[in-house]
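Database features, via TrEMBL:
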- Cys366, Asp368, His547, Cys562: Zn(2+) binding site (BINDING)
- 834-854: region 'Disordered' (REGION)
Amino acid sequence: MNMMAALTVPDVVLTRTETAGLVALAARSVPPLWPLESAIAVNPLAGFEDLPFAEAVQQAAQRFGARESLPLTAWRQLYAAGRIDPRMLRDVAIRALGGSYPAHAVVTPGVTALDLLIARLTVLDPQQAEVEREALTPEVAFLAKWCAAFFDQGQAASPMPHRELGLYRAVLALAGHDPDYARLTGTAGAQLLLTVSRDPLTAIAEGLAALGVPEGGEVGHLAGLVARLPGWAGHIRWRAEHTDPANVAAAPGTMADLLALWLLLERAGALTPRPVAADPATAAVPALAAHFGWDAATRDAALASASGIVRQVAGYSDDRLGGLFMTAAEWTYRNTLVPQLETAAARLDVAGAAVEARPDAQLVFCIDVRSEPFRRALEAQGSYETFGYAGFFGLPIALHRHGEERRKRFLPVLLAPQHDVAEAPVPGQEAAAASLSEGLVRDRGTAALFGAAKQGTATAFATAEATGPLAGLLMAARTVGPRALQRVSRALAPERSAVLAPTLDRHPGDCARPAFTLEDKIGYASALFRLTGLKPQTARLLVLAGHGGSAVNNPYAAALDCGACGGHKGGANARILAAMLNEPAVREGLAAQGLVLPADTVVLAAEHDTTTDTVVLFDRDRVPASHAADLAALEAALERAAAANRARRAPLLGRSPEDLLTGAVHWGEVRPEWGLAGNAAFLVGPRAWTSGIDLAGRAFLHSYDWTADADGTALTTILTAPMVVAQWINCQYLFSTVDNHRYGSGDKVTQNVLGGIGVIQGNGGDLRIGLPRQSLFTDAGEAYHVPQRLLTVVHAPLARVEAVITANEILGRLFGNGWVQLVVIDPETGRTRCWQPRAEPDAEGTDPQDLTLA
């Protein structure tokens, strides 16, 4: 780059409007990154979903400096452990070589092209050595430091000045006094501070012109800069797109601000070049020759072959070989699961001729993969029927929690809140609620005073001396007896859910206006039946069970909660819908739609703790005496199911069932549960279809009855909302496993929490964007989560599924570009198809929709 040209004030070609458009396109390179209190799963490659999966992974790896696949050594560990069927790996290799004929072509006597590829996959040393990741570069450290100061949430003792000017202008005002800036940019940086435009969009246009970025290359150039700091860029996207404007008005930072600063550094020559990967063929050819015992003449003859197969196989990078392993893992899983689902589908009584006995209770759980094994354990305890539904229960709400200043969004991020809901004291608990509220105010005041005292020059040491003994006792209690400490805490203060509950009758901003109209209530109540296939002939007890996790001193606690509830626990949503379904006026409205619930059906809300497997039933005191025996039997069954599921989960964590209860409240526990690790499938169909199959906690289960959905409306909702969220979760786990340094967040032990925003590794650098290593790998370093794309299996007529896909662009993109694999089990024809757009037989007559080949 010509440095003098880069420093010269150029003739700006782009207008502000054009520049703003380029910035918006470049911003799509990274997904929004939610703060810790409401952290949800996102696909780190969401900006590449317009591309076929393999191409997207390759382009993203180049842009982010990431791996495309797990290292070969990790894949071989999974292969040796039986997680990948050797037959599937062989079939994948054959397809990669162009089919059966070229794969079995003889390269040298006794050696085929397939032998070469299998050797590279399973035996030969990797050609891409595991190199140490590059250290934090100076320019990334510089910008990350200023982003942390600018976006601080009141944690800093001395707030950054000039934040009201915006990120770009504020940094310009201070950079001249920053020795890091001087070291990084030298005299060129000092000169640019005097001449660069103070308007970020104009500065971007100037920078692109000064750097000689060609027309048409601007978006790629800007996207490359965004990718150098994806964590903070993602946080900026979240602030711009997914939070209330009033919450971020004090520090108005935009993507244009960040890009203007990047171009400032680039014009000053401060960017570190990215390393270029070596050609794998250089070392692979000698390795193949040695493995197969070729002398020099044989090797040269093989290399000179007209087919070029040796050079082709030798030219496969380890990332490409890892991609073949991933496909084999996907085929292994699919070809194990789908035949079981086919057999189960054939047994379904779709005509519904048999009249089933009324179950003792029905429970609607979230579709979360952790709900599936608990549901199976509960169903084994008696006559209990379970259903799967998105964990926000169809309620697009923002909840104003009692004693908190800001509302929280308890809904999927795909949606915007339609209702503001307040909390109010539970009837009869007004005094306890007032005491709890006073305690919250007192705790906040004490925390603020303590924080100020710790940071004060004159009071810091005195504060440490005064509070040290008490802090030491608390530390000892948290370490030695965390469950005893929890019992004491609960005895001193009532559970929040026991004294406060969401109210349907009062809007937090206008007490004269209800949060929901009667029409709203009837609509949300009927959606439960339409989307799940739940029949109105309900049991005496119908339980809506939200879920959440338990963790102490864990910045990723929200990731254990309900993603459909915006990273919060799902109990509030369950309580609201349960209250609606118990209202006589709502029951009358449902009856007018043909949904006549039995008069003796009582609807309860509950919350399943996925860490401990305990289930809390809310508002038990409102259950009439006539249902006391039903309730007691259900609670006993829930306790037995919890014990059974803990016994199943404990060996997977290398712990005892009892220790799972301790880990949930221990402040040193880095892996309270496996979360959604292992997720692999999204199944859409009736519970009778899957109830006889051990899905091993790997499947999202959404109940669906195709016979009650003639126009496909319910299926459209399921595939375009819950399934999309499941795909985000799947991709976050996939890519966090593939490259935990770039797409994940690294080792949890060495992380620090940055305010309430996110986590960083060590004492600086970018916000980490994915899951920690402990959520994906065992303590021995082996991958617990197998990175594979989501498999969606739908029990519905193929024509209906295709109509839904055709009508929804997002589904055409996800299925058509291979981000999600789709299998349809058609109950009308009895056929099973791997759906692919424009699926045509290949030259050998192979049908790409064949389960064993697609």
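The backbone N, Cα and C atoms fix where each Cβ goes, and this holds for glycine too.
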Query raised in the report: Within 8 Å of the Cβ centroid of the Zn(2+) site residues Cys366, Asp368, His547, Cys562, which other residues of the same chain have their Cβ?
Result: Phe365, Ile367, Arg370, Ser371, Gly391, Gly546, Gly548, Asp561, Gly563, Ala564, Cys565, Gly570, His608, Thr610
Query raised in the report: When you measure from the Cβ of Cys562 (Zn(2+) binding site), which residues in the chain that are at least 6 apart have a Cβ under 8 Å away?
Result: Cys366, Asp368, Gly391, Phe392, Gly546, His547, Gly548, His568, Lys569, Gly570
Query raised in the report: Of Cys366, Asp368, His547, which of the binding-site residues has the most Cβ neighbours inside 10 Å?
Result: Cys366
Query - Three-state secondary structure, which DSSP defines for Asp368 (Zn(2+) binding site) - result: coil
Query - DSSP-derived class (H/G/I helix, E/B strand, else coil) of Cys562 (Zn(2+) binding site) - result: strand
